Amino acid sequence: FISSMTMFMSGLGANFEFDLKKIIALSTLSQLGLMMGILSLGSYELAFFHLLTHALFKALLFMCAGNIIHNMGNCQDIRYMGSLIINMPITCSLFNICNFSLCGLPFLSGFYSKDLIVEIMSMGYLSIYIYLIFYVSVGLTVCYSFRLVYYSLSGDLNYFSSNSFSEHLGMMIKGKLGLISLVVIMGSILSWMIFPTPYFICLPFIFKVMALIMIFTGMMIGYEFAKLSISHNLLSLKYV
């Protein structure tokens with residue numbers, strides 16, 4: 001119960017945050033809740049598998065977020081961001097690939113562990129509460145991730161026009177490019193290494209595609225939620 005509420009409440013809270021570091025921290029807390037949830041159901045191998053795949057894309061996500069915050073003069077408000085793909089193309093591209101991996105989009109590293117966890121959970125004879133909280137939490141994860149993608153890619157840059165952006169080509173970019181290759185391919189490699197015998201999963205079609213349905217539903221809700229004008233009228237924007 002504690003792990004499921006941690007997963008749900010942190011995902012819900014991240015949808016109302018505008019601080020970039022807090023959103024990423026809450027996403028980490030949500031994924032830890034997911035790991036503890038599947039661990040409490042007895043699948044310790046799956047929990048460890050998700051821990052490893054989550055470490056890959058979350059490390060790169062923190063690196064890209066730190067680079068963005070540094071370039072924006074320590075400003076962490078995502079409402080000041082916009083069209084970062086023009087000023088920081090490599091960093092922003094890697095940042096959004098990691099966001100998609102966090103969502104569980106096929107066939108990035110996050111997909112292999114998250115989809116497997118949801119399917120194993122669907123195979124068990126569990127209460128309707130567990131089904132709902134797991135699937136809604138998957139949708140909330142996609143919702144705040146896509147909201148973050150929307151704020152970083154679309155619109156105009158709302159920060160100072162005199163501010164200078166730089167990719168800092170060097171060791172930082174080499175580390176990012178090394179990590180992105182792991183984000184893309186390491187999920188399948190780890191699944192071969194950790195599970196010598198593949199899991200046999202027999203589910204009805206609706207349960208098989210339910211994770212994808214929640215992902216695309218979360219994308220649409222996140223896009224609409226990011227466009228709400230209430231987010232630009234908050235008083236906190238005046239004091240950042």
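Here the Cβ of each residue, glycine as well, is placed from N, Cα and C on the backbone.
As written in TrEMBL, here are the features:
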DOMAIN    2-140  domain 'NADH:quinone oxidoreductase/Mrp antiporter transmembrane'
DOMAIN    144-236  domain 'NADH dehydrogenase subunit 5 C-terminal'
TRANSMEM  23-41  transmembrane segment
TRANSMEM  47-69  transmembrane segment
TRANSMEM  81-108  transmembrane segment
TRANSMEM  128-150  transmembrane segment
TRANSMEM  177-195  transmembrane segment
TRANSMEM  201-223  transmembrane segment
Note = The answer for the transmembrane segment (47-69), taking Cβ pairs under 8 Å and residues 6+ beyond its ends, is 20-21, 24, 27-28, 31, 34-36, 38-39, 75-76, 81, 84, 88, 91-92, 94-95, 98-99, 101-102, 108-110, 112-114, 116-117, 152, 167-168, 172, 175-176, 179-180, 182-183, 186-187, 190-191, 194-195
Query = Hey, does the transmembrane segment (81-108) touch the transmembrane segment (201-223), meaning at least 3 C-beta pairs closer than 8 angstroms, sequence gap 6 or more?
reply = yes
Ask   = What counts of helix, strand and coil residues does DSSP assign across the domain 'NADH:quinone oxidoreductase/Mrp antiporter transmembrane' (2-140)?
value = 112 helix, 2 strand, 25 coil
Ask   = Are the transmembrane segment (177-195) and the transmembrane segment (128-150) near each other by the rule of at least 3 C-beta pairs under 8 angstroms (pairs 6 or more apart)?
value = no
Query = Restricting to the same chain and to residues at least six past its boundaries, which positions have a Cβ under 8 Å from a Cβ of the transmembrane segment (81-108)?
reply = 20, 27, 31, 56-58, 60-61, 64-65, 67-68, 71-72, 114-115, 138, 141-142, 145-146, 148-149, 151-159, 165, 167, 173, 176-177, 179-180, 183-184, 187-188, 211-212, 215, 218-219
